[in-house]
Amino acid sequence: MKIGIIGAMEEEVNFLRDKMENRVATTIANCEFTEGQIGAVQVVLTRCGIGKVNAALATTLLNDRFQPDAIINTGVAGGLNASMAVGDLVISTEVRYHDVDATVFGYEYGQVPGMVPAYLPDATLIAAAKTAAQKVGFHSEEGLIVTGDSFMGEETRVNEVKTLFPAAYCAEMEAGAIAQVCHQFQTPFVIIRALSDVAGQDAKMSYDTFLEKSAVNSAKQVMLMLDHLSA
């Protein structure tokens, strides 16, 4: 089994890279790919850069050049649900865009014309993520993750997104693009995000303080997922 793992920033991938053996690094179009092994699992770890275009580019290259059996996106996000706190984990059961509006043409809000309204992660990967979350001991929830090309630090926009997507647990900047590309390639995927901040509530201060810790929380869950998938 070969698993592709994508993180946007160095803080989101360095913990996993340090755990890899037999590493071989390649850079394509400013996207960093590191092949190697974590335990019994062959891994291609990808640092894609921030935002939807960077994420789509890296996910396309990952699928085309390395052909993984599945893709896991790890990283941090801004929380949208009052029941969750910084450091908690969100496991995707659905991924949508919060910054796409083609409703005038009859599409759902968040739906890219010609594409599905929501991208659904693989059930086996969701189950593995849930098992890993229980083992690692972090509080986790499963549900909707929304994506857009903006940091959710402005209270008015946060409230707009909450109104549009009341079921959303968190917002971030890459998952929707990763999910859309995986949908096109028919590659199973799941998104794992740890909360680095609560969107709109001193979000930047919290993000700066908790980025690395939350990123490691997400990466630790991915490590346990790999153990489960290789069993």
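The backbone N, Cα and C atoms fix where each Cβ goes, and this holds for glycine too.
In Swiss-Prot this protein carries:
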{"type": "ACT_SITE", "residues": "Glu12", "note": "active site, proton acceptor"}
{"type": "BINDING", "residues": "Gly78, Met152, Met173, Glu174", "note": "substrate binding site"}
{"type": "ACT_SITE", "residues": "Asp197", "note": "active site, proton donor"}
**Study point:** Where Glu12 (active site, proton acceptor) sits in the secondary structure, as DSSP reduces it to three classes
**Key:** helix
Review point. Other residues with Cβ within 8 Å of the Cβ centroid of Gly78, Met152, Met173, Glu174 at the substrate site?
Key: Ala77, Thr147, Gly148, Ser150, Phe151, Cys170, Ala171, Glu172
Practice item. Mind telling me which of the recorded positions Glu174, Asp197 has the densest Cβ neighbourhood, counting other Cβ atoms within 10 Å? Key: Glu174
Study note, to complete from the structure: Among the recorded positions listed as Glu12, Gly78, Met173, Glu174, within 10 angstroms of Asp197 (active site, proton donor) by C-alpha we get Gly78
Point to revise | Inter-residue Cα distance where the pair is the residue listed as 'active site, proton acceptor' and Gly78 (substrate binding site), in Å | key: 15
Review point. Where does Gly78 (substrate binding site) sit in DSSP terms: helix, strand, or coil?
Key: strand
**Study point:** Lowest local Cβ density (other Cβ within 10 Å) among binding-site residues: Met152, Met173
**Key:** Met173
Exercise for review: Whole-number Å only: compute the distance from the Cα of the residue listed as 'active site, proton acceptor' to the Cα of Met173 (substrate binding site).
Suggested key: 13
Check your understanding: For Gly78 (substrate binding site), what is the tally of other C-beta atoms lying within 10 angstroms of its C-beta?
Key -> 25
